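Quick look at what TrEMBL annotates:
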| type | residues | note |
| --- | --- | --- |
| DOMAIN | 25-153 | domain 'Acyl-coenzyme A oxidase N-terminal' |
| BINDING | T159, G198 | FAD binding site |
| DOMAIN | 295-457 | domain 'Acyl-CoA oxidase C-alpha1' |
| ACT_SITE | E442 | active site, proton acceptor |
| DOMAIN | 494-671 | domain 'Acyl-CoA oxidase C-terminal' |
Amino acid sequence: MAGKQVQVRFCVPDLQKERANCSFNKEEITNIFDGGEHNTETRRKLQNIIFSDPNLQDPIPPDYMSHEQRYENELRKAVYVMKKFMTDPQLQDIGGGPEAIKWMYNSILRHAIHKDGNPLMLHFGMFLGAIMGQMSEEQQAEWLPKAMSGEIIGTYTQTELGHGTFLRGLETTATYDPVTDEFIIHSPTITATKWWPGGLGKTSSFAVVMAQLHIRGQNYGPHPFVVQLREHVTHASRPGITVGEIGPRLGLNSNDNGFLRFDNVRIPRTNMVMKHSKVLKDGTYVKPKSAKLSYGVMVLTRVGICYDVCWQLMRATTIATRYAAVRHQSELEVGEAEPQIIEYQTQQYKVLPMIASVYAIWFAADTLRHTYMEVQKNINKGSDLDLLPELHASSCALKALFSTDVTDGISVMRLGCGGHGYLASSNLPRIYTSTTPSQTYEGENTVLWLQVARFLIKSFREASKGGRLQPSVAYFKNHQTQTRRITDLSNSGLVSGYERSVLSMLEAVAKQLQQYSEEGMRYEHAWNACSVRLVNVAKVHARYIVCDQFVKALAKYEGSSGVRQIMDQLCRLYMIYSVTNDQGILLKSGALTPDQCNLLEEELGELLAALRPEAVNLVDAFDLHDEVLDSTLGAWDGDVYNRLYNEAMKSPLNKVDVPDAYYKYLQPLMKSNL
Ligand SMILES: CC(C)(COP(=O)(O)OP(=O)(O)OC[C@H]1O[C@@H](n2cnc3c(N)ncnc32)[C@H](O)[C@@H]1OP(=O)(O)O)[C@@H](O)C(=O)NCCC(=O)NCCSC(=O)CCCC(=O)O
Ligand SMILES: Cc1cc2nc3c(=O)[nH]c(=O)nc-3n(C[C@H](O)[C@H](O)[C@H](O)COP(=O)(O)OP(=O)(O)OC[C@H]3O[C@@H](n4cnc5c(N)ncnc54)[C@H](O)[C@@H]3O)c2cc1C
């Protein structure tokens with residue numbers, strides 16, 4: 001390119017070959033995932049600053065650190081980032097200070113700095129989210145500057161030992177005392193102990209606390225309150241507060257997830273988070289426009305999780321795809337050289353649909369984000385909240401679908417790397433353990449599927465009456481007059497195959513619900529007796545949304561023909577991969593015939609072969625820095641074996657030839673057997 005310096009970087013011959021021919025403009029794809037050219041530039045600039053800073057390196061691999069060292073190391077880096085971003089003049093053009101920090105934590109770079117959780121994550125995520133989304137303007141003016149500057153550090157404490165899912169079952173109470181104009185925050189039982197919040201154990205000095213609001217003996221349900229947990233400067237826990245860390249977890253062990261108990265702690269009335277509901281001095285309760293507005297921070301976080309898991313899938317696919325191009329194993333033809341494992345169709349079937357999934361997730365998440373912003377705008381204007389059920393149902397559906405798809409996908413990427421994928425130095429284990437909790441937090445997935453099903457059944461009944469439908473279920477209109485069979489296997493044909501399957505499943509489950517009701521079963525019990533089927537239909541509806549959004553995003557795409565062409569192929573792959581995985585459902589509903597399924601399976605094989613030569617270029621286009629990947633198997637240069645060997649040398653057991661443990665245990669045993 002004229003005027004542009006092309007950087008020549010070393011990579012192994014296998015990857016050189018893969019990169020020699022690329023049919024599309026990689027930079028254009030990079031820009032899609034950054035959200036524009038300018039953002040790509042900003043991210044690269046931040047990367048250069050962050051990755052060249054020795055203070056942000058780990059002194060030893062975190063796997064060899066103790067529990068306390070991991071926490072301390074991450075906290076050190078998190079605070080360093082905060083201070084550096086506040087003052088570094090290089091960061092002024094992206095807003096500097098808090099804006100730059102927010103930018104960084106809302107990008108894939110967060111995984112590069114904090115490899116296994118970050119004690120300040122909840123501060124930047126849900127604490128600031130609660131301040132900005134749930135507080136009145138006066139309250140924001142008081143709390144936002146303190147939180148942004150780091151004068152106070154906060155978290156979001158909702159879940160208790162006894163209840164995570166069922167918010168109405170929370171036991172922490174906030175009882176209004178009109179005499180002193182205060183709330184009394186109290187944990188009446190052991191199960192009322194707050195349990196899980198990130199950064200709660202040792203880091204946070206404040207928390208947004210979800211508690212049952214009691215005024216004059218009446219319970220108004222869960223509401224958010226700001227409570228100071230620790231003293232300023234000494235950081236000692238305040239009177240009436242018992243707080244600590246909950247102990248090791250499957251992953252994310254650098255975060256100090258905590259517990260918290262209150263013994264009649266008094267806070268000023270104005271510490272109730274009051275954008276939506278209020279309590280006046282005389283104890284009058286002012287109702288919000290919708291009781292569910294206080295769940296807003298969860299909705300925002302569910303949208304964020306869709307992006308977050310997408311970044312995790314980008315990392316895992318990049319690692320597995322590069323490795324598949326470098327690794328040689330077995331024979332395709334007897335006596336021939338061992339092929340790159342990516343030549344095996346089964347290997348292509350592991351990586352390529354997951355690369356396509358990255359695009360599918362991204363486009364659907366983007367649409368969801370726009371719905372969120374639209375609803376937020378309406379809330380701020382005080383206009384109607386018509387889109388709220390749509391936002392709730394779609395955010396539940398996509399959070400549940402993507403967290404599951406990505407967790408499963410990462411597991412497939414690990415398996416695709418054979419034994420080496422099990423090594424911590426491949427980074428796949430940690431990518432897995434930090435992604436799988438997203439299936440539980442911010443709404444356990446089964447519970448979210450049931451929320452989606454509730455919306456679907458309601459909408460289905462509405463459609464039968466000819467009522468108004470929300471955008472994601474507009475296809476329910478006229479469902480009684482539709483035939484089930486689809487005749488064309490184009491993308492739009494397959495999308496309508498999904499629509500018809502959802503409707504067929506809904507019809508069946510609605511009938512079962514009706515039958516149980518007629519037999520005298522209470523609705524809630526009938527619902528429970530149908531809930532496996534209800535979850536299944538919710539999942540198919542979610543897949544429909546994602547397929548539909550992918551096709552729609554490409555129809556609007558205005559970039560180059562090379563990129564358009566490769567994205568068309570990826571979209572087709574995603575559609576056929578999804579439909580063939582769900583073929584039992586589509587066959588049962590009558591949308592597809594066995595012959596049509598065979599045709600799709602044939603096309604799937606052809607697509608894998610067509611996309612195979614682009615695999616490495618496709619993951620290169622995600623433009624993930626080696627520090628973001630942090631993997632012996634996935635680095636840009638493909639120098640896998642030297643990296644594996646060098647990482648093994650870092651094991652503390654290799655510091656000496658014969659470890660002390662030998663003299664303590666093995667030697668006596670081996671001697672006695674002489
Ligand atoms: C399961 C539900 C949704 C049930 O709520 P409920 O109040 O019992 O509701 P219900 O009486 O059954 O009524 C349901 C009704 O409320 C609606 N609704 C429910 N949630 C929302 C919402 N967010 N926006 C808009 N509407 C909402 C539903 O659609 C229902 O409406 P409908 O009656 O059908 O018209 C709720 O309890 C819930 O969201 N539970 C999940 C808890 C959760 O997500 N906790 C997150 C804790 S923070 C965390 O995990 C942070 C991790 C982050 C990290 O570490 O990075
Ligand atoms: C890493 C991590 C970080 C977290 N961070 C935070 C945080 O910062 N702040 C915070 O407040 N919380 C946090 N949490 C807590 C998290 O939000 C809860 O764990 C989650 O909401 C699930 O609730 P639970 O643990 O009570 O599970 P439960 O609800 O007890 O779920 C157990 C089982 O019961 C089933 N079940 C429950 N209810 C129903 C139902 N109605 N119908 C059918 N099945 C049902 C579920 O499907 C599941 O199979 C975190 C959790 C994790 C793992």
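Numbering starts at 1 and runs along the chain as displayed.
Every residue, even glycine, has its Cβ placed from backbone N, Cα and C.
TrEMBL entries are annotated by machine, without manual review.
Worth saying up front: this structure is predicted, and the values here are computed from it rather than measured.
Within the domain 'Acyl-coenzyme A oxidase N-terminal' (25-153), the DSSP-based counts of helix, strand and coil residues read 98 helix, 2 strand, 29 coil. Here the binding-site residues are T159, G198, and the one whose Cβ sees the fewest other Cβ atoms within 10 Å is T159. Non-local contacts of the residue listed as 'active site, proton acceptor' by the CB criterion (under 8 A, 6+ apart in sequence, same chain) comprise M298, T301, R302, I305, K399.
Note on the domain 'Acyl-CoA oxidase C-alpha1' (295-457): its mean pLDDT in the predicted model is 96.
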